[in-house]
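K.L.:
According to TrEMBL, the protein carries these features:
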{"type": "DOMAIN", "residues": "1-401", "note": "domain 'Major facilitator superfamily (MFS) profile'"}
{"type": "TRANSMEM", "residues": "12-38", "note": "transmembrane segment"}
{"type": "TRANSMEM", "residues": "44-68", "note": "transmembrane segment"}
{"type": "TRANSMEM", "residues": "89-115", "note": "transmembrane segment"}
{"type": "TRANSMEM", "residues": "167-188", "note": "transmembrane segment"}
{"type": "TRANSMEM", "residues": "209-233", "note": "transmembrane segment"}
{"type": "TRANSMEM", "residues": "253-272", "note": "transmembrane segment"}
{"type": "TRANSMEM", "residues": "284-305", "note": "transmembrane segment"}
{"type": "TRANSMEM", "residues": "311-335", "note": "transmembrane segment"}
{"type": "TRANSMEM", "residues": "347-367", "note": "transmembrane segment"}
{"type": "TRANSMEM", "residues": "373-396", "note": "transmembrane segment"}
Amino acid sequence: MKHSLFKNHSFLFLISAQTVSNLGDWLHLVALFALVAFKWHADPIAMAGITLCMVLPSILFGSPAGWLADRFNRKVLMSFSDFARCGCVLGIAFSVSLWQVYIFLFFLGFFSAVFTPAESGLLRQVVGENQIQAAIGTSEMINNSAKIIGPVAGGALISLTGIKGAFYLDAISFFLSALLLFGIKAPTLQSPVKSDLEHREKVALTEGFRFLSGFPVLKMGLIVFCTMILALQISDSQAMILIRDIKNATVHFASWCIAASGFGMLTASVLFTKIKLGEKLITLKISPAILGLGCIMVSTGTGWPIGIIEAVYPCVFFLMGFSFTMAAIPFDVLVQKKTPETHTGRVFGTINSLSTLAVLVGILLGGSLSEWFGVRLAFLISGGTTCLLAAVSAIAMKKAERKEIHVAEGIKTTS
């Protein structure tokens, strides 16, 4: 199956564009924080504004972008978005004030919101259903590898070429990604007939929600997935502070912990590309418990001897990263399999909006909990809530599975 997948030239062009674009994303993130935090010495509120400008467009425009991805040529949308993002990155490189960076970041986030559902839909167009799991797994491997390689490469490039040099390379990566997309040959989607086009446009912005709600397992899976993202962001956003407060802990050790989380995600990507996945999303019943127990362990272990901490913490962060991807890939695969090609943009636009909202709430909640109760208690609250989610989701997923079976049987009976 894998050999035939990599003989698919359109898939190779798509995955090559993703590789170049993902590495570029991390280059500009490292360069951006170097510019704003170190060169301009921005305060915490200004840094919060950076995060808000990056995630707000996906929350606001995720569903409309999904409608665009189902209504227009996805390859053209992606190429246009990459060219536009190239211009936005160059704009940031030549910015002389923070408000200019905010404007370019907002537009960068907007075009990323257009790009994401179009990419998910185009993947489904160029890959057959029997290869969709391997394709998604490969895509996740590239994404998670970029999380490990990108920051290291970004730091090295900044030291060699300066902050502007990193931005220039990122702009080149978006330009190259746009060119690679022209090599994709995807079958044309069947357009909606004129009689129901007006109705489709009226419901387009809510159709992603309504489609997911029609499948109890997908609806429950989305709730669990977004809650896991929220919990992970609470811990991720405060991980550096938690490790900083450990006696004799170093920045080098903190970087190893973060890298271990990335390696955990990468390992899960490789593993779940090969494992045959069913339609019950069993991993979504297990993964919240692993993530929650990891948060609890790192919060209660800060008083251990530094030698034990240095041995245990990277392993725990590895398992936390593994648990997240262990939930993400099976959920993504099942959504792709159940969604018609003509609806993938709207469905994944909705998922992108909700998951990005979970990221934003998690970051804000993590900061607030740490400020009010301390970072250790914030991790405990996050871990305890996620473990509770695991228990509740195990029961709720069983009910959703039974309900979906009844719905499927009813459809067969009526047909």
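Cβ atoms are placed via backbone N, Cα and C, with glycine included.
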K.L.:
Report the mean pLDDT of the predicted model across the domain 'Major facilitator superfamily (MFS) profile' (1-401), rounded to a whole number.
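P.N.:
Averaged over the domain 'Major facilitator superfamily (MFS) profile' (1-401), per-residue pLDDT gives 82.
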K.L.:
What stretch of 44-68, 167-188, 284-305, 373-396 shows the most Cβ pairs under 8 Å to the transmembrane segment (12-38)?
P.N.:
167-188
K.L.:
Between the transmembrane segment (284-305) and the transmembrane segment (373-396), are there at least three Cβ pairs closer than 8 Å, leaving out pairs fewer than 6 positions apart?
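P.N.:
Result for the transmembrane segment (284-305) with the transmembrane segment (373-396) is yes.
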K.L.:
Grab the same-chain neighbours of the transmembrane segment (209-233) for me: Cβ-Cβ under 8 Å, and only residues 6 or more beyond its ends, written as numbers and ranges.
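P.N.:
For the transmembrane segment (209-233), the sequence-distant neighbours (Cβ-Cβ under 8 Å, at least 6 residues beyond its ends) are 203, 279-281, 284, 287-288, 291-292, 295, 320, 323-324, 327-328, 331, 334-335, 338-339, 343, 346-347, 350-351, 354-355, 357-359, 361-363, 365-366, 382-383, 385-386, 389, 393, 396-397, 399-401, 403-404, 407.
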K.L.:
Establish whether the number of Cβ pairs under 8 Å between the transmembrane segment (347-367) and the transmembrane segment (44-68) reaches at least three, counting only pairs separated by 6 or more residues.
P.N.:
yes
K.L.:
Assess whether the transmembrane segment (253-272) lies in contact with the transmembrane segment (44-68), where contact requires at least three Cβ pairs under 8 Å among residues 6 or more apart in sequence.
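P.N.:
They do not touch: fewer than three Cβ pairs between the two stretches lie under 8 Å.
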